[in-house]
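Copied from TrEMBL, the annotated features are:
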- 11-45: repeat 'PPR' (REPEAT)
- 113-147: repeat 'PPR' (REPEAT)
- 215-249: repeat 'PPR' (REPEAT)
- 250-284: repeat 'PPR' (REPEAT)
- 317-351: repeat 'PPR' (REPEAT)
Amino acid sequence: MDLLVELTVRDVFSWTDLMAGYLKHGQGELTLQCFKWMLHEDLIPDSVTFCCILEACGTLRDIETGLQIHEEIVKQRLLEGNVVLGTALVDMYAKCGVFQKAQEVLDQLPEQDVFCWTAIITGLAQHGQSRDALICFKMMESKGISPDSMTFASILKACGDMSALDMGEWIHSEIIKEGILDHDIVLGTALIDMYCKCGSFDRGHGLLQELPAHDSFSWTAFISCAADQGFGEESLRCFEQMQQQGIRPDVVTWASILKACGSIGAATRGEEIHNEIERRGLLQDNVLLLNAVVHMYAKCGALEKSQQVFEKLPVQEVVTWNALITGYAQKGSSQNAFKCLQRMEQKGLPPDLVTYLCLLNVCSHSGLLDEGQVLFTFLSSWTTTVADPCLEHYTCMVDLFGRAGNLDKASAMVEVIPSLDFIGIWVALLFACQKWADVTLGKRAFEHSLEVAKSDMSAYVLMRNIYSYAGMLEEAEEVEIMRMKMCRP
């Protein structure tokens, strides 16, 4: 920026170069600020500038600025015949989750290529709309447009999120036919991730061994996914093999293996890994790893160890307090979790929305109905000047009432939620209906869940169980058939 200020002549090209540089280094906000400064100098942006700004809007999920930029592009008639700029618009809308606008721009493009289709498919997959991503993929192929490695990687994510193993295997066969797997670590990692998410760890591990090129990213994908799904032993075995092959773990690998240790209660192995990380000097100022260590000890039931590591931290940030509170919550130690809240307040460290989410989870899983209601009431009044309660907070309250058997209050809470487009709300209500055998409310919640996210498998499983427990076997079978159909594009 200083260099640009010193220039006697500042034109649109020099400004665009500066913005591209900021964007390349992940400085989206500075990119937008530069754009505003450029406009103050009465310079007219060109299509390259707009592409740069649209990418920044997508990265920041700044749909408001993105819409303004779209209007300006139309006003300047830059979109006509410009597929690159059109693709940038599709990508921005897709990243912001505004898929109707993304589709509108896509339909208006004079020429559709793999890049614009991949932009919308990737956006759908990233926003959890896996089935729509698969439909889009089929539409692209029907137009005779061949997918590239990025398209395949995105659709593999969708398959993994849906546990659609058959579709994932078909995509794998197509990748082999195209001959694009060799030396493509990103695509290989996406395949491993898909197989692991579908529960096919043997296939994932076998692919890991077969890949002609694999590094810490592909190994970490397997380790992380296995840990996320509760297969800690698989993670540990893979970690040992990774080390035997001389592949150096990165920060994410260490965090994932600590999570794996916590998931299976491997306190001794977790402590060894903790010591190794400390020996390598990786813990200093690394919040991700520090939280992972605190979490690991807490999940292993070594709450004193967890507290000791926590107390040694040079700076106890809110995020680390949240990690400790979560650890106590998962072990059912609600008293210590609330003591953490008291200590935070004593230190003048205000809890954030995540803290309240952790504590509401404590109340939900510990049956602390009164405490949970007090917390939520305080949260609602406190956030009037900070931020509204998130949908996750409302979901916790639905879960709290539901677990306590107060389905009337759970249903009433749903009625006051600002947005019902969050699948977690309906899953929480379905879980309560399963526990207390409420078929009528369960059916209503299931119908709403289909409107919000047809591809979410948990809703189908819960509704099937509700019918089964009520002896309504034909209805249960119908729901299972629906679930199986949703696994296919």
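Every residue, even glycine, has its Cβ placed from backbone N, Cα and C.
Beyond its flanks by at least six residues, the repeat 'PPR' (317-351) meets 287, 290-291, 294-295, 297-299, 301, 303, 306-307, 310, 358-359, 361-363, 365-366, 368, 371 of its own chain at Cβ-Cβ distances under 8 Å. Below 8 angstroms of C-beta separation, residues 1, 4, 52-53, 55-57, 59-60, 62, 65, 72, 76 of the same chain, each at least six residues beyond the ends of the repeat 'PPR' (11-45), sit close to that stretch. According to DSSP, the secondary structure content of the repeat 'PPR' (113-147) in residues is 26 helix, 0 strand, 9 coil. In the repeat 'PPR' (250-284), the DSSP tally of helix, strand and coil residues is 27 helix, 0 strand, 8 coil. If you average pLDDT over the repeat 'PPR' (250-284) in this model, you get 92.
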